[in-house]
Amino acid sequence: MKGQTVTKKLNPGRFLAWAAMIVVILATVFPFWWMVRTALTPAADIYTDNLGLLPEHPTLINFLRVLGLTSEAENRAAGGSGAQLDFAAYLVNSIIYCGLIAALQTLFCAMAGYAFARLRFPGRDLVFAIVIAALMVPPIFTLLPNFVLVKDLGLMNTMAGMVAPTLLMTPFAVFFLRQFFLSLPRDVEEAAILDGNGPWGIFWRIALPMSRGPLITIGLTTIVWAWKDYLWPLLVGRDEDNRLVTVALGVFLQQSPNTQPDWTGLMAASTLSVLPVLLLLVFVGKRLVQSLNFTGSK
Amino acid sequence: MSSTKPRDDRRAAWWFLLPVLVGFAVFYGYPAARGLWYSVTDYTMLNTPSYVGAENYSKLVQDDKFWNALLVTGWYVVLNIGSQTLLALGIATLMHRLTRSVVLRATLLLPWLVPNVTIGLLWMWLLDTNLGFFNQLLHTVGWGPVGFFTDETWAMPTVAGINTWAYTGYTALLLYAGMLQIPQYLYEGASIDGAGEWRMFRRITLPLLRPVLALALVVSLIGSFQIFDTIAVTTKGGPVSATQVIYYFIYLQAFKYFHMGYAAAAAVFLALILGVLTAIQMRLLRASRSDLA
C-alpha cells in the first residue's frame, strides 16, 4: 500500500514475531479444520476417534443426510434423529434473503445518498439529520414493535416479512454513500447538465458508474451481515418454507438430544453455512479486506 | 448559495428519497415511537395496551434479574473488549511490521464472515465436556474435564472468549488499516536513530493510532453490549442466570413471557446506553478524519 516497504532482514526478533503470527493463523483456522474434520467422521466413531487431525474412516454421509438426500432409515443409521433436514433449501433461502436485501438496499440508499449530496430542495439537511438520527436507535428497540407490525400485516413466516425492515434502507448506508457522492468531482456532472440530462440521467449514467467501489463495499458488507442474521429471522421466519441457514442450525441443535447431540450432522450443516462466505472470501477477498479501510477509518 | 444558477430539484428529489423515507418512517420512526409507548403500557401482544404510567420502569429497577442482566453484560463487555482490543492491537502491529499479504488478512477476516450461530455450535463441540477436542486434550495430560458452558464460573469467560476469537481478526484489520496511514518515514527515521521495535510502537504507532483505536473500541463496545446469538445458541442464559445478558433478558421477557411493555422498558435502558456510545462514535468519526488526513 502506498509504496510502503517492509524490512525483510531476518533476525531473532522477526523470527519470534513470525512465530507469533503463525500461532494466530493456526488459532484462526484450526476450529474450522475441526468442524470439517468432524463433518467427515462417521457418527459411530465419535467416541473413539476424536483427537487425530484426520478422520480414520472418512465419509460424506453426514453431508448427504443434512442435505436431505438420504432416507429416514439411512438417516437414523448414520446417527441422525430421523427428522428430515433440507439444508439445500435453507441455503437457497439464505441466498435469496441476502441477495434481495443487498441489491435493493444498496440501490435505494444510493438514490437517497445522491439526493442528499447533490440535489437542491427545501428541508434537505433537516431530513438528512432526522434519517441519520436513526443510527442512535439500537436494533433491539425497534425489534419488538417491528415484530408486532409484521404480525399485524399478516407477513409472519413470509420472505417479505423477513426482509421488510432492512430492504429499503439502513441509516449507515445512506450516510456512507452520501459521504462518497459529496467527494465526486462536480465538473463531469455539470457537463452532463449542459448536455440536457436531468437528475435521473446524471444519477444513472454518471454518478452510479463512478461509484462502483463504494457500492460494492456497501453491497458486500450488507451480504455478510444479512448472512449472519439470526434473531429477526428466528422470530418471523421459523417456518420450514422460508427458514434461513442460521435459524435451521438453531432448530437442528434443539431437535438434537441434549445429552448426546448429533455432532457429526451439526458440523456438516455448519460447514455448509460457512461454504458460501468462504467462496465470497476466495473470489472477492481483496475487495472485502479493502472495504474495511473504507468503512473503518474513513 | 453557489456561483451556478439556483436550481430546485424538489420534484426529482422526493422520488429519489421515496424508498428510504418509507423505510425510515415504517421500520424506524414508527416502531421507535411505538416502543416508547409500549414501555408505559401493560401490552402482552394479546391485549389492547392500556397506559400504566411508570410502573414498568419502577418494577424494572426493583427486579433482581434485571440488575443481574446489567451486571452480567458488564462482566462480558469487560472480558470481551479487554482481550479483543489487546490481542487485535498485537496482531495488527505484527502484521504492520511484517507483511502486507492479502491472503493473510483474508484468513484473519474469516471468523467475522461466519454467522455467530455457526461459531457458537463450533465451539460448543470443541469445548464439549465429554467428547470435545479440548477436554480430550486436557484428559491426555490428566486434567479436567472442564464444563466450559455448564460451570457457573466458566460459562461467561467461555462465551467472551468465543466472541473474542470471532471478532479479533476484524478489529485487528481495522487497526491495521489505521496503521497504514502512519507515514513510513517516521519508522525509517527512528530506525536510523537506533530505536527498537518496542520503542517505535510506544513512540510512533500507539500515539498516532489513537483516533482509530478509540473508534474501533467504541464500535466493538456497541457490538459487545448487544451480544445475543452466541448465548442463545450455547448457554441460553444459564447455568442459573450466569450468562443472562440484557439482550437475552429482553428477548425472554418479550417472546417467552409476552411482557411486551416490560421488555420495551428494558430496551429503553439499553437504548440509552447505546445512544450515548453511538453519539461518541459519531464524534470520533469526524475527529479521526481531521486527525489523519
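Every residue gets a Cβ built from N, Cα and C, even glycine.
Remember, it's a predicted structure, so these values are computed and weren't measured experimentally.
Annotation source TrEMBL lists transmembrane segment at A:15-34 (among others).
Residues or ranges marked as domain 'ABC transmembrane type-1' by TrEMBL: A:91-284.
Taken from TrEMBL, the feature transmembrane segment applies to A:94-114 (among others). Long-range contacts of the transmembrane segment (A:94-114) within its own chain (CB-CB distance under 8 A, at least 6 residues past either end) are made by residues 131, 159, 162-163, 166-170, 173-181, 203, 207-208, 211, 215, 218-220, 222-223, 226-227, 229, 233, 244-246, 276.
Residues or ranges marked as transmembrane segment by TrEMBL: A:126-148 (among others).
Positions annotated as transmembrane segment by TrEMBL: A:160-181 (among others).
Marked as transmembrane segment by TrEMBL: A:202-227 (among others). Tertiary proximity for the transmembrane segment (A:202-227) is limited to same-chain residues at least six positions away from its ends with a CB under 8 Å from its CB atoms, namely 94, 97-99, 101-103, 105-106, 109-111, 114, 118, 166, 170, 173, 176-177, 180-181, 184, 188-189, 192-193, 246, 276-277, 280, 284, 287-288, 290-291, 294-295.
Taken from TrEMBL, the feature transmembrane segment covers A:263-284 (among others). Packing against the transmembrane segment (A:263-284) from elsewhere in the chain are residues 32, 35-36, 38-39, 41-43, 46, 62-63, 65-67, 78-80, 85, 87, 91, 94-95, 216, 220, 223-224, 227, 245-246, 248-249, 252-253, 256: each is 6 or more residues past its ends and has a CB under 8 Å from a CB in it.
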For the transmembrane segment (A:15-34), sequence-distant contacts whose Cβ falls under 8 Å of one of its Cβ atoms, 6 or more beyond its ends: 53, 274
